[in-house]
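Peer 1: The domain 'Kinesin motor' feature in TrEMBL is assigned to 4-340. Taken from TrEMBL, the feature ATP binding site applies to 92, 93, 94, 95, 96, 97, 98, 99. As annotated by TrEMBL, coiled coil applies to 356-420, 535-653. The feature region 'Disordered' is assigned by TrEMBL to 428-451. Positions annotated as compositional bias 'Basic and acidic residues' by TrEMBL: 433-451.
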């Protein structure tokens, strides 16, 4: 699906609020931001006609890096995790705030730091895919590509292949597992970057930097207990975060010496980038040849600028009036970029080109199964092993490239040697023809044949018998070719430096190229020799021929000497090729050693697995016994609790009975006392009736 490049502009805060005393305040201007539009106004607020631009987003001086990332770049980062190629870069003049936008500060991190954290945050939220991330960091300094992770990797070359597309050969890549590792690598890379001081910036970037994240992912089949699904394709996306050096004017920066040279290369690459943007903005029908090869920056970003990628551009502006012309140029660049259309799609591959598929799936299975059993130590070992494998693969690719270049040069030298041998043979045939002509001339000088010429004294030289004879004169009937012969076909890997060497540093516009016209070969007419010519003229001509013969012999000896030197050089090159093959064998042996190390780790894992199984079995049996004992204990405790409760109930009842019994006993005692007192009283009152009653 075709979509436009997302373009935004950001106006940095002014460096100084005070105006210079000699400035004409009547002609003073300033930039005004209104919604998504920026326009140039006069000092009293009157807009200047024709200088107003609209973009996707326009950020004023108060905007933070967090807002820029959320509105402009976040969607590109999330799309990269989902399998789309993504690119974000900052463009603008020097000291306009590009590096601050991309790298930020401790209080306000830039786009790169926020993107790294956001990538790993989003990956943690995706549970149905397994991810592998590797990062690289390069700079383009004076049109030379340097590796910021490994300072020894300098002057790297750009290559292109069907599987990997456009890539930088020999660039170091690191496999990472979290954002902290990436931040540390970025900090170590920033130390190796080129900075310098100019009149406009105390710490000016003197090179373009490209931070690249390669995100590979593969779906996990839930039906296979978390194992990889062999039928799923691998997604491979490339995320480029670019911090461009700023365009500068020598009159303002005051650059000289090394800074002047750096500024020339920076302006040249940015000019090529502007030309590419200009031609891409014309549309597919009006689009001519796109000069991506004119600069290494545009060559690396070829896919991002006009191909399969989601791209966002942030153009930074300086608000000062002295930079109005540079700001207009930046806004014009942004307006042209806004018209570019890209067709981004998910990158899925089914071949072994993905590193995630080339590395053994057993390593991932080992990492998942060792949870809780030396997992942290083995996790570090696995990460180290994967980085070693990546380094070995990069070394192998580098050696293959060097071997391919040596084969090309060896083939060219062999062709040169064959051409020299052919030339030597042609000169030898000329020498033999000269000897025959001198012998005929000596016969002509004899007195008896001085003026007698017969038909059998002269014969037409037969060049067919000489094999590769040299024809000194072109026939009048032969036709010149209409164009130069085509060169030999190139291999499937195109070398950028070879392209420049073939053109001797000249960068040509392919729209203006035409076929090379044929050379006009002028043949001199033969000199007619009549029988009555004088002996003096003939002797002089003979002396000239002898001198030419001596020169030809000297040239032949010189060519033979050069041929011997080429043979010796060829021998040395064969020795170097043999050494490279030996080094390749050593790297293969190291790879085999890594595989054996992986095998030992796998055996150790099997032992740990068996030990874990036995421990789990014993733990299971102990758990069953513990469960049984626990159940018995619970039953006994229940019975004990019930008995205790019954005892408490009985004690309570006994207490109640005792209390009731005591109360009744007291009541009976009181009743008995009352009855006894009444009886005594009755006895005292009625003793006789009592006796009578007793008598009855």
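Cβ coordinates are placed from backbone N, Cα and C, and glycine is handled just like the others.
Bear in mind that TrEMBL entries carry predicted annotations, made automatically and left uncurated.
Since the structure is predicted, the reported quantities are computational estimates derived from the model, not experimental observations.
Show me how these features fit into the shown structure, please.
Peer 2: Counted within 10 Å of its Cβ, the other Cβ atoms near residue 98 (ATP binding site) come to 26, all protein chains included.
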Peer 1: Which ones in the same chain are close to residue 93 (ATP binding site), with CB under 8 Å and 6+ residues apart in sequence?
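Peer 2: Result: 246, 247, 248, 318, 323, 326, 327, 329, 330.
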Peer 1: Check each residue in the chain of residue 96 (ATP binding site) that is at least six apart in sequence and keep those whose C-beta is under 8 Å from its C-beta; list them in sequence order.
Peer 2: 12, 246, 316, 317, 318, 323, 330
Peer 1: Averaged over the coiled coil (535-653), what pLDDT does the predicted model reach?
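Peer 2: Averaged over the coiled coil (535-653), per-residue pLDDT gives 82.
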Peer 1: If you draw a 10 Å sphere around the Cβ of residue 92 (ATP binding site), how many other Cβ atoms fall inside it, taking every protein chain shown into account?
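Peer 2: For residue 92 (ATP binding site), the 10 Å Cβ neighbour count is 28.
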